[in-house]
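Taken straight from TrEMBL:
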BINDING   Val91, Asn115  substrate binding site
BINDING   170-171, Asp191, 226-230, Thr252, Asp278, 307-310, Ser352  NAD(+) binding site
DOMAIN    59-338  domain 'D-isomer specific 2-hydroxyacid dehydrogenase catalytic'
SITE      Arg254  site 'Important for catalytic activity'
SITE      His307  site 'Important for catalytic activity'
Amino acid sequence: MKVLAVLYNGFKAAIEEPRLLGTVENKLGMDKWLTARGHEFIVTSSKDGPNNDFEKNIAEVLITTPFHPGYLTRELMEKAKNLKICITAGVGSDHIDLNAAVDHKIQVLEVSGSNVTSVAEHAVMSMLLLVRNFVPAHEMIERGDWEVSNIARNAFDIEGKVIGTIGAGRIGYRIMQRLLPFNPKELLYYDYHEIPPEAESAVNCKRVGTVEELVSQCDIVTVNCPLHEGTRGMINDRLLSAFKPGAWLVNTARGAICDEYAVARALASGQLRGYAGDVWNVQPAPKDHPWRTMKNPLDGGNGMVPHYSGTTLDAQARYAAGTKSILENYLDGKPQAHQNVIVGTGKYETTSYGIH
């Protein structure tokens, strides 16, 4: 059969570093294996514009990645008559119209857990660089300047702060675990699933009833929920007005959970002291995206980077192996690990993308 993978270009870096498995050049490490089994394996980064390779080559098996998402719409599914299974090489399948996949009986799977450590570490790093005002400090050194007061005036400690996570699943919970040694004043979470009491006690966290209640109490808010109909655009002007003035916001979940212009306005006004993350509402992000250059009133507060938190070399090894395992199960007619199944044959198998 034909297998199509839409991955990102690694260019010279992928040639020099073969562990960049999630690139076009290194093909998830599956090229020889699939060829030996007699299958055609097409790997491309072309996913946008007219006559792109993605739309022209959709076949029975489609592999995509959150880091260079091929957006699979209902319209494309209706044209792709032979498409049976979509595998996300990583975690996060919101670039696929999941309701349409249910209707067309197309399975959607992802490599559950492959990114959790990597993203949790990145989220904590992002909190630190915002709270400690790291980016302007480093830029000052690069310029050849030295004015400690201009940095220290907006630098704080994490200790003693109230920190909250929107979403307390695998990543949100790991973030709270990693924050505990920093001695925060309080750890809060908002999630429609309650953490088991013993897990709550282990990190000394408390559940709040609404997202508004969470953000109004927190010095630092971290977003760790999937993107679906209920969370798209959730962090908008209205919700940002409920934040504590001068709070920091970290988003390593999905860019479209936040209204990009509302975030930029909140940062410019000082309602947010800082915003950091690696996820964008469109990827690759346009050169004029407001998050590239936005600043707070003290010319700092921007910790944005490309989408790479879940694609460290360690994470790539995990999601490449997981993608191969899912594909092998499919080719051999074996059952899939339940935690990897987002959409089964004609129905949702998880509540991670909203309660259905």
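Backbone N, Cα and C atoms are what each Cβ position is placed from, and that goes for glycine too.
Structure with TrEMBL features highlighted.
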residue: Asn115; record: substrate binding site; Cβ neighbours (10 Å): 27
residue: Arg170; record: NAD(+) binding site; Cβ neighbours (10 Å): 18
residue: Asp191; record: NAD(+) binding site; Cβ neighbours (10 Å): 19
residue: Leu227; record: NAD(+) binding site; Cβ neighbours (10 Å): 23
residue: Glu229; record: NAD(+) binding site; Cβ neighbours (10 Å): 9
residue: Thr252; record: NAD(+) binding site; Cβ neighbours (10 Å): 27
residue: Arg254; record: site 'Important for catalytic activity'; Cβ neighbours (10 Å): 24
residue: His307; record: NAD(+) binding site; Cβ neighbours (10 Å): 23
residue: Ser309; record: NAD(+) binding site; Cβ neighbours (10 Å): 23
residue: Ser352; record: NAD(+) binding site; Cβ neighbours (10 Å): 21
Which one is closest to Ser309 (NAD(+) binding site) in space, judged by CA to CA distance, out of the recorded positions Val91, Asn115, Arg254? Asn115
Reported as an integer number of Å, what is the Cα distance between Arg170 (NAD(+) binding site) and Asn115 (substrate binding site)? 10
Measure from the Cα of His307 (NAD(+) binding site) to the Cα of every one of the recorded positions Val91, Asn115, Arg254, then give the nearest. Arg254
Taking only the CA atoms, the spacing between Leu227 (NAD(+) binding site) and Asn115 (substrate binding site), expressed in whole angstrom, is 16
As a test of the contact definition, list every same-chain residue at least 6 positions from Val91 (substrate binding site) whose Cβ is closer than 8 Å to its Cβ. Pro66, Glu110, Val111, Ser112, Gly113, Ser114, Asn115, Val116, Gly310, Tyr319
